[in-house]
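> Can you read through this structure? Questions will come right after.
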Amino acid sequence: MKKWFAVIGDPISHSKSPAMHNAWYTEMDVDATYIPIRVEPANLREAVASLKLLGASGWNVTIPHKEAIIPLLDELDEQAAKMGAVNTVVKMADGKYKGYNTDGAGFVRSLEDAVGTVHRDKPILLIGAGGAARGIAFALLAGGYRNITIANRTVMKAEAICEELGTGQAVSLVEAENKLHQFAIFIQTTPAGMANGTLNLPFSLEKFPQDAIAADIVYNPLMTPFLQAAEEKGATIINGLGMFVHQGAIAYNYWLGHYPNTSNTIIELTAQLK
Ligand code: ATR
């Protein structure tokens, strides 16, 4: 029987997930379809009940429902519970719907895809302490990375994540700025530099080290002010597209039991966004 998947969010029309997943089904000869569904926050409960009733094989969850959906699911993966957010729902063999989070793992895959194996002791600076940073922090820890510092405008939020992680150091943006040279990998997770955003880089890169790796989770535009500044300092830069494609590929694997080809997808989406 044909399987069907969806992505729910609000707004949803800009989402690149339907085209990406449908292209994978065609390429991998999978009899399935994937549709975008706009769900306003007030309708989330009914929308989830409908998806279950109509027998969706799974769906992705995007802004603003990643946290609110948790109590509406039948089961929750342990990592997703720690992250406090779900971006993927899977219909299990017993018909129950289980929530997972593939965003953080998608980031770690994109990092390792771009630069190969990374030494697990390398000092990492995570900039920002919102939902995206939290997911990445847990995925880094699960991947064995143990030298994590979180810098945030509101230091208390960085402290809260470190406490939950059971490791890591929380610093202010100013403290981070003053010891930038001590880090090897930088991960920018604030909305600074988004296409329609008005934010500037949250801090100066004056003390940026040589031979660093700089990643941004934003992919539209592909080149953010942070990546631009890091590249000028000689860093290897990683835009947010790999994270987006890999979070989708990991979800696809949860649903269908095999991985799609991600490198072609990254090349195609890069060409579209340039
Ligand atoms: P997401 O879920 O996408 O991570 P979020 O939870 O709204 O989004 O988190 C946004 C992050 O960007 C936070 O770390 C936020 O800092 P605060 O915790 O201090 O609010 C950061 N951020 C947003 N605007 C910022 C700005 N103008 N300067 C510095 N940091 C900013």
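Each residue, glycine too, has its Cβ placed from N, Cα and C.
Below are the features I grabbed from TrEMBL:
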- 7-89: domain 'Shikimate dehydrogenase substrate binding N-terminal' (DOMAIN)
- SER15, LYS16, SER17, THR62, ASN87, ASP103, TYR219, GLN247: shikimate binding site (BINDING)
- LYS66: active site, proton acceptor (ACT_SITE)
- GLU78, GLY128, ALA129, GLY130, GLY131, ALA132, ASN152, ARG153, THR154, VAL155, MET156, LYS157, ILE217, GLY240: NADP(+) binding site (BINDING)
- 119-191: domain 'Quinate/shikimate 5-dehydrogenase/glutamyl-tRNA reductase' (DOMAIN)
- 240-262: domain 'SDH C-terminal' (DOMAIN)
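If you look at the structure here, what lies around each of the features I listed?
For TYR219 (shikimate binding site), other Cβ atoms within 10 Å of its Cβ number 21. Under the three-state DSSP scheme, TYR219 (shikimate binding site) falls in the coil class.
Cβ-based neighbour count (10 Å, all protein chains) for LYS66 (active site, proton acceptor) stands at 23.
Close to THR154 (NADP(+) binding site) in the fold, though at least 6 residues off in sequence, lie ALA129, each with a CB less than 8 Å from its CB.
Across the domain 'SDH C-terminal' (240-262), the DSSP tally of helix, strand and coil residues reads 17 helix, 0 strand, 6 coil.
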> Mind checking which residues reach the domain 'SDH C-terminal' (240-262)? Cβ under 8 Å, same chain, six or more beyond either end.
3, 5, 16-17, 20-21, 24, 27-28, 30, 32, 57-58, 60, 87-88, 90, 100, 102-103, 105-107, 109-111, 113-114, 215-219, 222, 269-270, 273
> Of ALA129, MET156, which of the binding-site residues has the most Cβ neighbours inside 10 Å?
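Of ALA129, MET156, the one with the most crowded Cβ is ALA129.
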> Quick check on the binding-site residues: of GLU78, ASP103, whose CB has the lowest count of neighbouring CB atoms inside 10 Å?
GLU78
> Would you mind sorting out which recorded positions among LYS66, ALA129, GLY131, ASN152, THR154, GLN247 put a C-beta under 6 angstroms from ligand 1?
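By the Cβ criterion, which requires under 6 Å to ligand 1, the hits are ALA129, GLY131, ASN152, THR154.
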> Could you tally the C-beta atoms, other than its own, that fall within 10 angstroms of the C-beta of ASN87 (shikimate binding site)?
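I get 29 for this one.
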